[in-house]
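Chemist: Pulled the feature table from TrEMBL, pasting it below:
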type     : residues  : note
DOMAIN   : B:50-257  : domain 'ABC transmembrane type-1'
TRANSMEM : B:12-30   : transmembrane segment
TRANSMEM : B:50-76   : transmembrane segment
TRANSMEM : B:88-110  : transmembrane segment
TRANSMEM : B:122-146 : transmembrane segment
TRANSMEM : B:187-213 : transmembrane segment
TRANSMEM : B:233-252 : transmembrane segment
Amino acid sequence: MAIEVRDVNKSFGTTPVLRDVSIDVESGSLTALLGPSGGGKSTLLRVIAGLEQPDTGTVRISGVDATRLAPQRRNVGFVFQHYAAFKHLTVFRNVAFGLEIRKRPKDEIRKRVMELLELVHLEQMADRYPSQLSGGQRQRMALARALAVEPEVLLLDEPFGALDAQVRKELRTWLRRLHDEVHVTTVFVTHDQEEAIEVADTIVVLADGEVEQVGSPAEVYDNPANPFVMRFLGPVTEIGGSLVRPHDIEISTEPVEGGTAATVSRVVRLGFEVRVELQVEGRDAWVQVTRGFADQLALKSGDVVSVRPTPGARSLVLATV
Amino acid sequence: MAKYGLRTIAVLYLFFLLVLPVGLIIWRTFGDGLGPFVEALTSASAVHAFQVTLTVALWAVAANTVFGVGTAVLLVRHRFPGKRLLNALIDLPMAVSPVVVGLALILVYGRFAPVGGLLESWGVQVIFSTPGMVLATVFVALPLVVRAVVPVLEELGDDQEQAAHTLGASRLQAFVRITLPGIRWALAYGVVLCLARSLGEYGAVAVVSGRLVDQTQTLTLFVEERFQNFDQPAAFAAATALALIAVITLLLTKLLRPKG
């Protein structure tokens with residue numbers, strides 16, 4: 001295991017932020033800490049980096065107990081949401097910082113920094129200052145800077161959080177490819193489930209300072225441990241007392257076995273998919289269908305239909321209140 | 001019309017308050033040419049006063065720079081009990097009259113006071129000597145570096161320092177390589193202000209120095225003493241020199257300010 005976190009508790013004042021958190025991160029994996037803001041995921045990342053001290057519990061990095069180790073002795077790379085670029089240093093000197101601290105020979109530093117700048121496509125920007133770079137470029141520089149010291153684990157705190165949607169998507173794909181090239185154990189924090197599912201090979205869902213579920217993206221999406229995880233990972237709707245994904249619902253104009261009667265209240269066309277809003281047993285629900293399917297049924301508001309979860313689809317029975 | 005009226009009032013106000021008095025000093029100083037000015041400033045007493053002023057100011061600036069940066073880091077980056085009290089105490093010298101400061105120092109460090117007596121027995125004379133004058137000046141100029149550095153340090157945040165730590169930098173390395181360059185303009189601004197204040201200090205130094213001519217006489221004390229002794233050329237020459245130093249420091253602060 002690259003990182004083993006055991007029974008970590010952490011409070012800020014009287015507010016508990018992490019409660020008995022234990023996670024394992026496999027060597028060479030790309031793990032997402034996913035959860036709503038205030039869920040403790042950034043704090044957990046900072047505990048792993050040594051930027052926060054846990055009240056109780058231990059952190060092991062590559063088998064070594066690092067709980068009381070200062071951040072500079074943990075050999076972790078950390079990338080901050082707002083880049084934390086050294087403003088008074090050029091891009092080159094930013095990336096070289098960790099190597100200069102380690103007093104590596106000048107030639108070696110030059111070679112390594114240029115390699116890294118090539119890796120993050122910033123080789124033309126070596127002599128610029130951070131203020132002359134775009135947000136995406138700054139974050140790539142921060143990544144190169146963290147990688148320069150050959151860390152055992154790379155930690156990214158909402159790395160794309162401050163970027164606009166377009167750049168965000170680009171950098172996501174790019175991070176996945178970079179990880180496939182470099183293979184350093186990576187943990188990143190995000191509140192965006194799409195980002196976690198697209199990039200990570202393991203997702204740790206954190207809420208209210210507790211681990212809700214750990215698994216591959218497919219596992220947490222298809223087999224959520226509880227209604228919270230199911231709601232957080234993707235769209236859900238409620239039919240017949242169960243929580244179901246709207247794309248996992250069959251809709252038919254004829255009554256079917258196990259189906260529930262519903263009234264169509266609105267049909268919304270969103271490009272190739274169609275959102276059918278329903279009234280089921282006096283409650284709002286919705287179903288996502290393809291445009292072709294909707295056209296075939298010729299649904300319109302006021303129609304009475306029969307709905308049921310697709311056989312084999314995962315649904316969660318909600319406790320009746 | 002109202003616009004011009006206001007302008008006229010502002011200009012007249014500044015003219016009678018600032019331009020006329022300072023202008024008159026300069027006019028009186030150079031009224032008989034450059035010769036008397038140079039002569040007055042190169043007299044043994046004047047040169048000695050210059051030296052005393054510089055010695056006291058440099059020590060005070062050095063002390064306030066170290067203390068100022070340290071305190072600013074403490075106030076911005078750390079949480080500890082008594083932080084608000086410390087924060088309030090730093091501004092105290094702004095509120096207290098320098099004369100009070102001087103008297104208070106004599107109460108503690110005078111020859112017949114406990115601390116002063118002890119130091120005296122070790123051969124260190126504080127009052128009526130350079131250490132006392134440095135102390136007084138340090139106290140009077142205390143808030144200047146702290147107050148210049150604190151806002152910039154706050155704005156800088158600790159992200160960069162933390163990044164430096166994760167890259168292997170110790171606290172000292174992170175401070176020298178990251179924090180110090182980050183606050184350098186604010187620090188320089190604070191230091192220049194502190195220097196100006198130290199060079200121009202009169203009240204507190206007047207009390208603790210004992211005004212011993214050719215011994216503990218600073219430039220400001222020299223101006224006053226010459227003036228009292230009807231040696232107006234020397235008084236005006238020294239006053240002009242002080243004013244020139246002030247103008248230069250003012251220009252320096254203007255140069256340093258925009259960069260924050």
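Heads up, the Cβ atoms here are built off N, Cα and C, so glycines get one too.
Show me how these features fit into the shown structure, please.
Modeler: Among residues of the same chain six or more beyond the transmembrane segment (B:50-76), those with a C-beta under 8 A of the stretch's C-beta atoms are 41, 83, 86-87, 90, 130, 133-134, 137-138, 141-142, 144-146, 148-150, 153-154, 175, 179, 183, 187, 190-191, 194-195, 198-199, 205, 216-220.
Note on the transmembrane segment (B:88-110): residues 71, 116, 119, 126-127, 132, 135-136, 139-143, 146-147, 201-208 of its chain, located 6 or more positions outside it, place their CB under 8 angstroms from a CB of the stretch.
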Chemist: Determine which residues of the chain contact the transmembrane segment (B:187-213) at the Cβ level, with the cut-off under 8 Å and only residues 6 or more beyond its ends counted.
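Modeler: Sequence-distant neighbours of the transmembrane segment (B:187-213): 45, 53, 56-57, 60-61, 64-65, 68-69, 97-99, 101-103, 105-106, 127-128, 132-133, 135-137, 139-141, 144-149, 180, 219-221, 224-225, 242, 245-246, 249-250, 252-253, 256-257.
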